[in-house]
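Engineer: TrEMBL feature annotations, pasted as is:
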- 38-125: domain 'Pyrroline-5-carboxylate reductase catalytic N-terminal' (DOMAIN)
- 215-235: transmembrane segment (TRANSMEM)
- 263-286: transmembrane segment (TRANSMEM)
- 267-409: domain 'Ferric oxidoreductase' (DOMAIN)
- 311-329: transmembrane segment (TRANSMEM)
- 365-385: transmembrane segment (TRANSMEM)
- 397-418: transmembrane segment (TRANSMEM)
- 438-459: transmembrane segment (TRANSMEM)
Amino acid sequence: MQTGPGITDMPESDMARPLLERDHGGSVGPWGPSSGGTVGILGTGDFARSLATCLLCSGFKVVVGSRNPKRNAGIFPAEAELMSQEEAVKRAELLFVALYKEHYCTLRSLAGPLAHKILIDVSNNQEVNTKGESNAEYLASLFPHSTVVKGFNVVSAWALQSGPKDGNKQVLLCSNCPEARSHVAGIARSLGFTPVDMGSLSSAREIENIPLRLLPFWKVPLVLALGLFLFFYLYNFVRAVLHPYLIENQNKFYKMPLELLNITLPCVSYVLLSLVYVPGVLAAFYQLRRGTKYRRFPHWLDQWLLHRKQIGLVSFFCACLHALYSLSLPMRRSARYLLISDAVKQVKAGAGDAWVEEQVWRMEIYVSFGIMALGLLSLLAVTSLPSVSNSLNWREFTFIQSQLGLGALLVSTLHTLAFGWNRAFDGKFYKFCLPPTFTLTLVVPSAIILARVALLLPCAHRRLMRIRRGWERRSSAQIMTPNRMEEAPESSSTL
């Protein structure tokens, strides 16, 4: 790798220094609990109370500034000193501003005492800020002689009370002063959180928008699951309810609340599981076709790769619901009536034994593969949790999510084939000329399995491994001179 002048001229000690330094002498920085520094809090809301408790438990001295100290004296721990805002500002050099943006103006009279002090803005907005200055930048404009740090806004009051072990441990920090970021990072470490340096104060708007985004990576998987559910539910409704009603004059609308759902959920789960592994196969074929890994995938494929975890978890959720619905099927009143009706018909027909060997074996194999598939999906879901995945090395995580994931897809395919058995070749199972539902669900998974088998062939596997280790085809490894930059169809980027 070539190095530019800016890198080679940098002292080696600077290269080895971490972005957020940790003091190895027992204190985490100038504002660690062992330094004797006092931390101030301006505000008496829920977040301020939880923050005061957390700081006290971590060994800090805490002063709380309130406009009405007597009224709020009983809601804070006894160790926290409750006083007026003016007194709190004088006592502390670092203060948490736990106020809403519209209340910042009440601090203008304290502009003089707040000069040259660090203000940590923990506020959030009511809606996503798409334009305009952030709360932290507004606070900095009100107090130009103070140092404003944006941080702790992604941490809830509940997380402060229960500790970071039960929630996200990251605390995003940004400020125009690196020293101030380092001080606040020390406090975050003392409280058990992991500070993440986001750079200058211009990043505050992005940090403030994070708590307001509602499941940003889950919208596409949920919409996809909902679309598949509606399609398969309507398809099964036409076959299992509408066809008997119109053709055979049988009323089977009672199947809609339970049985149709139980038929639809495994279809959605199975297709979603296969969609988790489609982008990996497409990415492999893209790299084989281009002969390099240093070209970006199409945007839609990049987004698909980013959403694989969420798609897999939705697939697991649908599989769990399918298992619960299947267990509840015998408890239905309709199932009891049908069982009694079949027994009466058997007695009238004089049949002594209703045992059908083929159906028994089919159901035994079908249930067995279903249990194994659900077990593998459970393993995939558990290992996707950060607390579990962090305890695995990269090879272990890849083996579980890739090899065992494909194993789950294969077992699910066998589960589906055992359910279908020979129904795909029996004309009586085609309603309105529509094939059984399981035949539709087999299309994508079968294509994925065949594609994976093709990629395991020695000719394709060896070439793909060479590409992923950095080998490039000559036509793809041409040097991009300034005169040829405009001719390049896509920008080069490491995947």
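Note: Cβ is positioned from N, Cα and C throughout, glycine not excepted.
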Engineer: Hey, which of 215-235, 365-385, 438-459 has the most Cβ-Cβ pairs under 8 Å against the transmembrane segment (263-286)?
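Structural biologist: So the stretch in question is 438-459.
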Engineer: Short question: which residues 6 or more past the ends of the transmembrane segment (438-459) have a Cβ under 8 Å from it?
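Structural biologist: For the transmembrane segment (438-459), the nonlocal Cβ contacts are 232, 235, 266-267, 270-271, 273-275, 277-278, 281, 284-285, 406, 409-410, 412-413, 416-417, 419-420, 423-424.
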Engineer: Thinking of Cβ pairs under 8 Å, which stretch from 215-235, 311-329, 397-418 has the most of them with the transmembrane segment (365-385)?
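Structural biologist: Maximum Cβ contact count belongs to 397-418.
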Engineer: Let's see if you can do this one: DSSP helix, strand and coil counts over the domain 'Ferric oxidoreductase' (267-409), in that order.
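Structural biologist: Per-class counts: 120 helix, 1 strand, 22 coil.
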